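Q: Copied straight from TrEMBL:
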ACT_SITE  HIS510  active site
ACT_SITE  ASP558  active site
ACT_SITE  GLU567  active site
DOMAIN    109-580  domain 'Glycoside hydrolase family 9'
REGION    1-24  region 'Disordered'
TRANSMEM  71-93  transmembrane segment
Amino acid sequence: MYGRDPWGGPLEINATDSATDDDRSRNLQDFDKAALSRNLDETQQSWLLGPTEQKKKKYVDLGCIIVSRKVFKWTVGSIIAAALIAGFVTLIVKTVPKHRHHNSPPDNYTLALRKALMFFNAQRSGKLPKHNNVSWRGSSGLQDGKSDDSTMFKNLVGGYYDAGDAIKFNFPQSFALTMLSWSVVEYSAKYEAAGELSHVKDIIKWGTDYLLKTFNSSADSIDRIAAQVGKGDTSGGPDPNDHYCWVRPEDIDYPRPVTECHSCSDLAAEMAAALASASIVFKDNKVYSQKLVHGARTLFKFAREQRGRYSSGNEAAIFYNSTSYWDEFVWGASWLYYATGNSSYLQLATTPGIAKHAGAFWGGPDYGVLSWDNKLTGAQVLLSRLRLFLSPGYPYEEILSTFHNQTSIVMCSFLPFFTSFNRTKGGLIQLNHGRPQPLQYVVNAAFLATLYSDYLAAADTPGWYCGPNFYSIDVLREFAQTQIDYILGKNPRKMSYIVGFGNHYPKRVHHRGASVPKNKVKYNCKGGWKWRDSPKPNPNTLVGAMVAGPDKNDGFHDVRTNYNYTEPTLAGNAGLVAALVALSGDKSVGIDKNTIFSAVPPMFPTPPPPPAAWRP
């Protein structure tokens, strides 16, 4: 019988073998016995032995799909093994105690940086914000400008007190803001890593907001600037002023005169540098950045048209006497070029005659020393940056290469292998040749040395030549570290010259606000003298203040009345902040190569567009 195969073919279902057992026996007799003695293959054996046990099926029917039995076993086994492993791992994670990963502790430079920035919070004048974080300071100077009928500037609230007094000197204040902005432009990533970027930008804006009040910042041309608020008469006259009176700024009730200037090229150009550099810091705030650039242009135009020294013939010469305005011309023009991209500023900054007047070619005992008075060295480093990374060539190459060579010479003079500057036995470089208040010059040099080494590193240059000898960029960084380490406490006295850093630091800082207690008692001018002359430590800690520093023999007297040892300044602390951020954090994190060039157009004309495709 044949049935129907469901796959389409015939199927034999009941084939009956008609042969009998006797027939089979007889048929066996007919086989060759020799053939039977040979080994039989599997097919023959199965034929002789009859049907064997049925083999297992090679496939598994899962209902919706048929899979190989081998694949099925491997799949199920893998799933079970994975489940066991996952359970084992989960058990380990649950039972083994957790070890949290801790970031490495901040280095000393980062710790000191955070404190140094706090000094600026303590120096603020005006209506203080709630987040100022200096508990013993309050709002002050709220009548600045209004109390002087002789000036046209009626709103001069804000800005910073210069040092231990309550005078606002715009010349060193502007330099301090320029240095802070420069450090942010170069090292914003390091500020961010230290958690201080927003803080330092807030500090800069507090100062630039005030500078915009000291002249008609909305005009294209001006004829005057407010150069100073407060009076620093040291003659000991009976009239109350900011030097005669030893009172907290919050308790000032005497009139504070405003000093205007009508020919002050140095001050105007320095203020222009401050606003121009800050405009790069705030380039993401387009409206504010453009406001700063406009003010900088106006100030620099005034500086060029109304020639003169701001300190000529007034009391500023006693405190912050400016020796020249030519260095401010190079400095201000350089920053305006970076802020605007206008090549006329670069042309002015690279004019040989201006460089000659600024002292670029004659040296002198203070050659290579950056300070609130002399910005030539800073301008040379700033323009060397342009040559290293953009190489503008003709017509700027001659003076740029000169500045670059002069920068190399200055860097050589910082090294201990040379004798341009003496050193104390403790290793502090004497950039001011043994005169008082040395640290403000040292921190500026440390900043420039670290910055220039980072410039060279970013330009893939391993070092530079001092005469016939080649020096690695590492020696510049080592110089900066030894000087800052001295200030932080690695000195013969084993004391830190930054208030609040370390265990041993000056406790009698020459500073009115820090030395007079906040006890709801208002002292008059002479009433505060008892706090000035007291041998006791200051009741308020002026965190982050870098004092004037030791003498040429590494000696230091922690005496409040001797400002040559114990008075901090805005300009000094700005250089300190710049040096600390440059040295802080990961050494591999260098400068920001491009931000400073964000407004600078391409040095060469762009090529014309390709011609249109040819058509027949």
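Backbone N, Cα and C atoms are what each Cβ position is placed from, and that goes for glycine too.
Note: TrEMBL annotation is automatic and uncurated.
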Q: Just to confirm: which same-chain residues, 6+ apart in sequence, have a Cβ under 8 Å from the Cβ of HIS510 (active site)?
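A: When sequence neighbours closer than 6 are ignored, HIS510 (active site) has ALA163, GLY164, VAL547, ARG560, THR561, ASN562, TYR563, TYR565, THR566, GLU567, PRO568 within Cβ distance under 8 Å.
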Q: What is the number of other Cβ atoms found within 10 Å of the Cβ of ASP558 (active site)?
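A: I count 16 other Cβ atoms within 10 Å of it.
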Q: What mean pLDDT does the predicted model reach across the domain 'Glycoside hydrolase family 9' (109-580)?
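A: So the average pLDDT across the domain 'Glycoside hydrolase family 9' (109-580) works out to 96.
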Q: Among all the protein chains here, how many other CB atoms are within 10 A of the CB of GLU567 (active site)?
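A: Here the count is 21.
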